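Q: Pulled these from Swiss-Prot:
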type	residues	note
BINDING	Arg266, Asp303, Asp307, Arg444, Asp447	(2E,6E)-farnesyl diphosphate binding site
BINDING	Asp303, Asp307	Mg(2+) 2 binding site
BINDING	Asp303, Asp307	Mg(2+) 1 binding site
MOTIF	303-307	motif 'DDXXD motif'
BINDING	Asp447, Ser451, Glu455	Mg(2+) 3 binding site
Amino acid sequence: MSSQVLASSQLSDKIIARPTTNFHPSIWGDRFLHYNVSEQDLVCKQERIEELIQVVKKEILSSNHDQLKLIDNLQRLGLSHHFESEIEKLLEQLSIGTHHQNHQDLHDASLWFRLLRQHGLNVSSSIFEKFKDDEGNFKKSLITDVSGLLSLYEASHLSYVGESILDEALAFTTTHLKSIVANSKNHPLSHQISKALERPLRMTLERLHARFYISIYEKDASHNKVLLELAKLDFNLLQCFHKKELSEIVRWWKEHEFAKKFPFARDRMVELYFWILGVYYEPKYSRARKLLTKVIALTSITDDIYDAYGTIDELQLLTKAMQRWDINCMDKLEPEYLKTYYKVMLESYEEFEKELKKEELYKLEYAKEEMKRIIRAYFEEARWLNEGYLPSFDEHLRVSYISSGYVLLIATSYVGMDDIVTHETLNWLSKDPKIVSASTLLSRFMDDIGSRKFEQERNHVLSTVECYMKQYEVSEEEAVKELNKRVANCWKEINEDFIRPTSVPFPILFRIINLTKTADFMYREGGDQYTHVGKMLKDSIAALLIDPIPL
């Protein structure tokens, strides 16, 4: 009987004029559906990793070792999750006293500054005044110090709003690093410089950089053999762990037949897992990672219903039902695909409840309210499109700030985490602190800049780009330039709100930093990597989830 109803619904859908969009199907097929690995092999790897960790811990405690370089290598190689307390203690020691006064070398001074700032320690950028000449410009002699330039370039991305010396440092280093890449392709640092110019460390996904840096580190004649072995083994072990996790999520997607039930929606389960892997990769966050991946998958379907398939009358019914969040509302929904969606959404959140302890359920309730809020925003945008209404930039942003999805993702990222997330955490989040608003605005602007060409080709609500053009009477090029300036400013506000003492524990803030990095990755290249899966995203997924590092 249900199949007859569905068939009837599908027939009526063909008659209804829908704003359909043809998204390409999943490029992965069933590649990640099954996971096979030798458990004995994993045990052997884990035992060797534990041995190497103890060796490295002794090196960290050694006072005669180059501690800055060691910390930097641990982070770049993707190993810092094993040494969080040791690194924390070392950096606090390095932040006090006269350590910075000993750094007359540009590379070391910049490294000291970057490592401390990215751990929330408020060190002054005045340390770089010593590298300026009498006229207030960076010394010309620095141009030949390539490693120093690269280190200063990376440090400059930890700047605050109005920190002019770091703005000058960024302009100075960018100019000369580009020249080095163009004119000295055989320079030993050429590859690292190109990568940094493409995406600086502050904006880079940790696991992707670890994969890249392991290959660079191995070629360094002075590399630490223990660190290199540990980095390779740890990367491959985590890859196995992530592949197993992904297979569970893909099976969940397949068993619920999402692609079949919602053929108009993007089928991007693998890409979504990769996205959330950028938020947290550590094994201890497995539960949180799986839950967040499922929620972003449901949100993607919701987005496509509102943005690419549903009629305004259908969306109005669905919006009202979602605000009530009551299975009894399902009977009032038509056509059949809305009933299916509603049932799937409510049942999925019931599944999530079962995965949580009773005392954790308040976190899911908070996240559920954010889901309701994003649905209201989706409907408001659909109403604008239906009425042909062109909002002002400010009016658009009040709605699209929510529809960006990042407030929902931040809230949901905390649901599966441990006791570090408390009622106070969610109270802090509800006040929309600067780090949250900056991250959300950044993702909104980068999404709109990256997806605008595709959206202009179909009947779609106007983005912040078009609304900015209208309100300020400027060209598209000028609007994009201005929004990119705002993106850069958002990073500075994020840096400012990351400084200790913070209102919430650092693991809470790191989720926001990492979510911001995922937005940068998905939209920076002037396109929407999620909707249109290209070579960059495909290669990145292969690097993290298919190809192990040769030992």
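A Cβ is built for glycine as well, from the same backbone N, Cα and C atoms used for every other residue.
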Q: Over all pairs in Arg266, Asp303, Asp307, Arg444, Asp447, the listed (2E,6E)-farnesyl diphosphate binding residues, work out the largest Cα-Cα distance in Å.
A: 19
Q: If you count Cβ atoms within 10 Å of the Cβ of Asp447 ((2E,6E)-farnesyl diphosphate binding site), leaving out that atom itself, what do you get?
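A: The answer is 23.
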Q: If I take the alpha carbons of Arg266 ((2E,6E)-farnesyl diphosphate binding site) and Ser451 (Mg(2+) 3 binding site), what is the distance between them in whole Å?
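A: Checking the Cα atoms of Arg266 ((2E,6E)-farnesyl diphosphate binding site) and Ser451 (Mg(2+) 3 binding site) gives a distance of 15 Å.
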Q: Would you count the other CB atoms within 10 A of the CB of Ser451 (Mg(2+) 3 binding site), including those on all shown protein chains?
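A: Other Cβ atoms found within 10 Å: 22.
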